[in-house]
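The N-linked glycosylation site feature in Swiss-Prot is assigned to Asn10, Asn13, Asn24, Asn190. Marked as region 'Disordered' by Swiss-Prot: 396-430. For 1-41, 105-115, 179-210, 337-351, the entry in Swiss-Prot reads topological domain 'Extracellular', with the evidence type sequence analysis. The transmembrane segment feature in Swiss-Prot is assigned to 42-67, 78-104, 116-137, 158-178, 211-234, 316-336, 352-375; the stated evidence is sequence analysis.
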Amino acid sequence: MDVVDSLFVNGSNITSACELGFENETLFCLDRPRPSKEWQPAVQILLYSLIFLLSVLGNTLVITVLIRNKRMRTVTNIFLLSLAVSDLMLCLFCMPFNLIPSLLKDFIFGSAVCKTTTYFMGTSVSVSTFNLVAISLERYGAICKPLQSRVWQTKSHALKVIAATWCLSFTIMTPYPIYSNLVPFTKNNNQTGNMCRFLLPNDVMQQTWHTFLLLILFLIPGIVMMVAYGLISLELYQGIKFDAIQKKSAKERKTSTGSSGPMEDSDGCYLQKSRHPRKLELRQLSPSSSGSNRINRIRSSSSTANLMAKKRVIRMLIVIVVLFFLCWMPIFSANAWRAYDTVSAERHLSGTPISFILLLSYTSSCVNPIIYCFMNKRFRLGFMATFPCCPNPGTPGVRGEMGEEEEGRTTGASLSRYSYSHMSTSAPPP
């Protein structure tokens, strides 16, 4: 039996569905003959094995890298570590108990495993969603409200939030071990098989439950993340625009100074006020002016590097969010659809559509490590450093790569449009 399918199939109306001829890959009608497709088991085994291996390898590698490299244990990476653990849990505890019963056409692992697998799957999805919401809010605070967020943007606070998300998720998903049970059915050879099904007492409870999950795991988190990342994108755009204006103004002032002599006015940010000094004073202040210009160039370069690092992190997190919803929204939408209109849902989703939806839901467990590897340099360095056989690419804890290493200091504040100019000149880069 397909364990993810236990979220989609509640076990009700099995007989009526078979009588109507809605045969599919979800074991609605195992007691009814249907054409055999010899290539389907091979393709199913291949795809599930590929996703399983990628998920186990990728998430284990992410966990290992973050544990071994202390300088990578930033606030955001702590949430990503929790995300990797939940994905690994989904893979290990659910996929084998999904594929094997699907191939054998019988859930052979017993009632306890049926309850455990559905419970862990629901919990892992909930933890992943709550972690993504926490990451988006943490990023919003670090970039848009750097000074106000310094109080709570700490590793200890992140650990408390993660502990709360896990406890909340385990609490919310308690109906799964309570109402998941084995449902017997008669096979074609007149032997009795079992299906693992999530059975609520009545249709009203079924509809309420799936609507509740759709709200707390997708609609509300989706709105929160879209607003947070939208405000972050706006803040980054304003910072880039403000920096471009300042650089253009500085270049114009430099050109004007070179052509018409020293200027009397300055904006107080990037250029120091200058006078008409005597030759002796100019000669004495030349080294100091050169040092000041060098510091300003370092500040400008540091601000640009920090800004680009933050943009890379935001792109990575946005892709994670989009792919997560792309993978899980179909199955939860299908759950809600079937809860309100069982016959129509089974008619349209039976066969290939539901098979694709179920496989897509498991793909979420392997995409996050791929995103880390391709979109973040520090993770790539950490991946290579994990293996002794690989050449040492250097310490993966180089500052500025992830953009969170300096949270709460000048880096986080420098991305605010108004602190962008003042914080960058208040002190040299640490």
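A Cβ is built for glycine as well, from the same backbone N, Cα and C atoms used for every other residue.
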Collapsed DSSP category at Asn190 (N-linked glycosylation site): coil
Chain residues in Cβ proximity to the transmembrane segment (42-67) (below 8 Å; excluding those fewer than six residues from its ends, i.e. six or more beyond): 73, 77, 80-81, 84-85, 87-88, 90-92, 95-96, 98-99, 102-103, 355, 359, 362-363, 365-366, 368-370, 372-373, 379, 382-383, 385-386, 396
Per-residue pLDDT averaged over the topological domain 'Extracellular' (179-210), given as an integer: 87
Other CB atoms, at most 10 A from the CB of Asn190 (N-linked glycosylation site): 7
